[in-house]
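Undergrad: The following block contains the structure, expressed as structure tokens.
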Amino acid sequence: MAKQGSDDRTTHRFADAEVVAGTGGETHQVAGGDRPVLTTQQGVPVADDQNSLKVGARGPTLLEDFHLREKIFHFDHERIPERVVHARGYGAHGYFETYEPLTDLTKADLFRRKGEKTPAFVRFSTVAGNKGSADVARDVRGFAVKLYTKEGNWDLVGNNIPVFFIQDAIKFPDLIHAAKPEPDRGFPQAQTAHDNFWDFISLSPESMHMVMWIMSDRTIPRSFRFMEGFGVHTFRLVNAEGKSTYVKFHWKPKQGLQSVVWNEAVKLNGADPDFHRRDLWDAIGAGDYPEWELGIQTFDDAFADKFDFDILDATKIIPEEVIPVRKVGRLVLDRVVDNFFAETEQVAFCTQNVVPGIDFTNDPLLQGRNFSYLDTQLKRLGSPNFTHIPINAPKCPFHHFQQDGHMAMHNPKGRVNYEPNSWSDAPGPRESPDQGYRSLPVPEQGQKLRVRSETFADHYSQARQFYISQTEVEQAHIADALTFELSKAETPAIRARMVSHLLNIDNDLATKVAQGLGLREMPDPATAARPTRQDLNPSPALSILLNGPKSFAGRKVGALVTDGVDAALLSGLAASLEKEGAMLKLVAPHVGGVTDSEGTLHPADEKVDGGPSVLFDAVALLPSADGAALLAKHPAARDFVADAYAHRKFIAFVDAAAPLLAKAGVPEARDEGFVPLTSVKDCDGFVSRCRSLRYWDRGDALMG
Ligand code: HDD
């Protein structure tokens with residue numbers, strides 16, 4: 001129930017609802033105690049919210065029923081258009097804290113004072129799927145940050161990948177049309193594994209660097225908390241003297257990087273389509289606030305001129321080994337939304353929302369984005385007054401003469417609505433040449449041309465650099481992902497065309513994918529505008545596995561338990577995990593829980609059918625002997641074990657679990673990913689094994 005200006009949630013409690021029988025046999029929930037009386041939007045108290053106004057008990061409904069009409073009318077209009085891209089997202093509040101003044105580089109107010117805390121709202125998203133699609137689709141993740149600075153809102157609207165598919169915004173509608181469901185049939189949903197996408201991509205060599213990223217495990221993150229964010233474009237920092245420095249923005253998760261494996265992603269989307277949003281909600285609710293450090297790579301014209309690639313080309317990175325990332329502050333997410341629609345859905349990011357001290361470059365993708373975002377918010381939120389919505393309004397004072405329009409909520413008083421004016425009693429705001437935003441006076445001249453700069457022409461060298469920077473496991477995942485996706489492309493010519501590009505990136509990769517596809521004949525390499533450079537060094541910063549967490553904090557162990565579970569082991573495991581900052585979740589035959597060896601009841605977090613091992617980072621098999629025999633007959637329990645094994649998770653087990661392991665098809669010779677729990681002292685050892693997240697040596701024959 002809406003109660004203006006109040007966060008009182010007592011109206012949602014059930015306990016004090018009193019259900020009474022009415023005279024005509026109808027029932028009502030009546031106001032009682034401190035429960036407010038239900039009203040219409042006009043504030044008129046409502047006597048009966050269960051029955052519409054009719055002629056007699058079985059007669060027609062009356063048009064006069066203003067309560068019915070208002071209620072249905074409002075319901076009919078509850079939906080707004082979903083975002084044309086990034087429709088599925090999840091947001092949270094927090095703050096950004098500046099480590100040290102950056103006044104030598106920028107006059108941006110938020111970077112002036114050490115320890116300054118700037119309120120922030122972040123929305124993570126997938127790109128292609130609709131609002132109701134599954135969270136762990138293979139897709140780029142949006143990483144949009146709104147910083148409510150003292151000199152206005154700064155939106156850094158980034159992704160979890162530092163490059164993009166295209167170099168010029170004019171190709172964005174084509175790219176998105178090709179990625180979204182095909183227009184005649186309306187599917188596939190939230191996936192790029194179809195002809196249109198790969199047709200477009202295979203005809204766009206500029207996408208090849210991005211293809212390496214999207215086919216890597218970056219597009220199946222384990223959690224929003226465990227992924228990086230990037231501003232992608234080169235921006236400018238401008239200091240008080242008007243000196244400009246180029247900058248690339250990075251968000252580095254303090255929790256380390258982590259992804260799921262593809263077979264896990266597929267199963268996760270069925271087991272919990274809300275996996276990522278639930279993870280963020282749960283972590284913040286548990287006080288385990290995710291943090292990212294803001295990193296900057298800064299450079300000048302001299303570097304830009306000698307760099308191998310064009311700094312205005314959004315399909316290129318500057319390797320961290322070439323320009324190190326300097327950490328300048330941290331972003332902490334410490335509050336979930338109160339209302340999903342009001343905040344996550346209505347938040348409106350615009351790349352053109354910059355503050356004094358931050359400026360744009362001529363990156364043609366960024367320039368086009370600056371047109372698009374304002375426009376799309378008008379369509380989506382329905383009024384130029386979308387800035388009046390609290391989530392979008394600045395938190396600093398603001399004064400302007402923009403007025404009226406649909407749903408105007410800030411309506412200035414008095415006569416003056418223009419400037420300059422000569423009214424002395426209430427003259428209103430004026431511009432400030434000193435404090436106001438000034439665009440960097442970059443000299444620009446040239447002919448009007450529709451061309452792509454020659455300096456944007458190398459499409460393969462950094463794609464190769466990304467590939468050779470991956471560990472063997474990660475390279476195999478890229479080959480598997482390409483094989484999977486291209487196998488879903490029904491047109492053989494599209495598959496072959498993609499392989500012709502891969503030949504320009506890495507011969508082994510092309511060969512693996514060609515074999516995976518069963519290509520009869522290897523195509524010729526695609527004609528390249530520039531030959532692929534073989535001299536770019538691998539960049540370890542590009543690997544997820546080389547940049548994993550140092551601890552198991554923030555992760556979850558799923559323990560399969562039955563009645564008779566060893567009480568000491570269970571509490572020992574819980575204690576070891578708590579010490580690490582990780583969580584223990586109990587999966588049992590019944591959600592009511594299990595009674596341990598000492599007679600204590602432990603409610604379960606999941607019933608075994610609803611709590612597959614894909615939901616957890618590692619598992620513990622702690623059944624009693626009777627329980628193991630029971631679970632061995634249970635298909636969901638066998639899958640729990642078989643999947644944990646196939647996904648190369650660390651598995652703690654008690655001796656009694658042997659029949660379950662056998663039925664799940666686990667070889668009797670246990671590899672080092674298995675940790676026997678013979679006594680409580682083994683629990684710490686298990687947790688420290690879990691820090692490396694997966695036992696990758698488990699054998700190439702396994703899927704994943
Ligand atoms: Fe975009 C949304 C990120 C290129 C046009 N974009 C959107 C969101 C993110 C990005 C994170 C979701 C914001 C939210 O959570 O509300 N977009 C990017 C990145 C790009 C990029 C990192 C390349 C570097 N986008 C891009 C181009 C165009 C757009 C080239 C158009 C020319 N993007 C939009 C949009 C969206 C959007 C249509 C849809 C919903 C919205 O803006 O608010 O304007």
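Even glycines carry a Cβ here, placed using N, Cα and C.
Taken from TrEMBL, the feature active site covers H86, N159. For R83, R123, F172, R369, Y373, R380, the entry in TrEMBL reads heme binding site. Annotation comment: TrEMBL describes 39-427 as domain 'Catalase core'. Among the features that TrEMBL reports, region 'Disordered' is placed at 411-446.
Buried or exposed, and what's around them? Tell me for each listed feature.
TA: Secondary structure at H86 (active site), as computed by DSSP, is coil. The number of other Cβ atoms within 10 Å of the Cβ belonging to H86 (active site), over all protein chains shown, comes to 23.
In sequence order, V140, R141, G142, F143, G229, F230, V232 constitute the residues six or more apart from N159 (active site) in its chain with CB-CB distances below 8 Å. In this structure, N159 (active site) is part of a beta strand by DSSP.
Taking the Cβ of R83 (heme binding site) as centre and 10 Å as the limit, one finds 22 other Cβ atoms among all the protein chains shown.
Sequence-distant contacts of the region 'Disordered' (411-446) (same chain, six or more residues past either end, CB-CB distance under 8 Å): 151-152, 236, 238, 242, 244, 354-356, 359, 399-401, 403.
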Undergrad: Write down the Cα-Cα distance for H86 (active site) and Y373 (heme binding site), rounded and given in Å.
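TA: That comes out at 12 Å between the alpha carbons.
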Undergrad: Can you give the largest Cα to Cα distance in Å, as a whole number, for the residues R83, R123, F172, R369, Y373, R380 that bind heme in the record?
TA: 21
Undergrad: Quick one: give me the count of other CB atoms within 10 A of the CB of R380 (heme binding site).
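TA: R380 (heme binding site): 16 neighbouring Cβ atoms within 10 Å.
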Undergrad: Around the C-beta of F172 (heme binding site), how many further C-beta atoms are within 10 angstroms, looking at every protein chain?
TA: 17
Undergrad: Any idea what the Cα distance is from F172 (heme binding site) over to H86 (active site), rounded to a whole Å?
TA: 13
Undergrad: Taking every protein chain shown into account, which of the binding-site residues R123, R369 has the largest tally of Cβ atoms within 10 Å of its Cβ?
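TA: Sorting the candidates by Cβ neighbours within 10 Å, the top entry is R123.
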Undergrad: Could you give me three numbers for the region 'Disordered' (411-446), the DSSP helix, strand and coil residue counts?
TA: 0 helix, 0 strand, 36 coil
Undergrad: According to DSSP, which kind of secondary structure is R123 (heme binding site) found in, if we only use helix, strand and coil?
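TA: It is in a strand.
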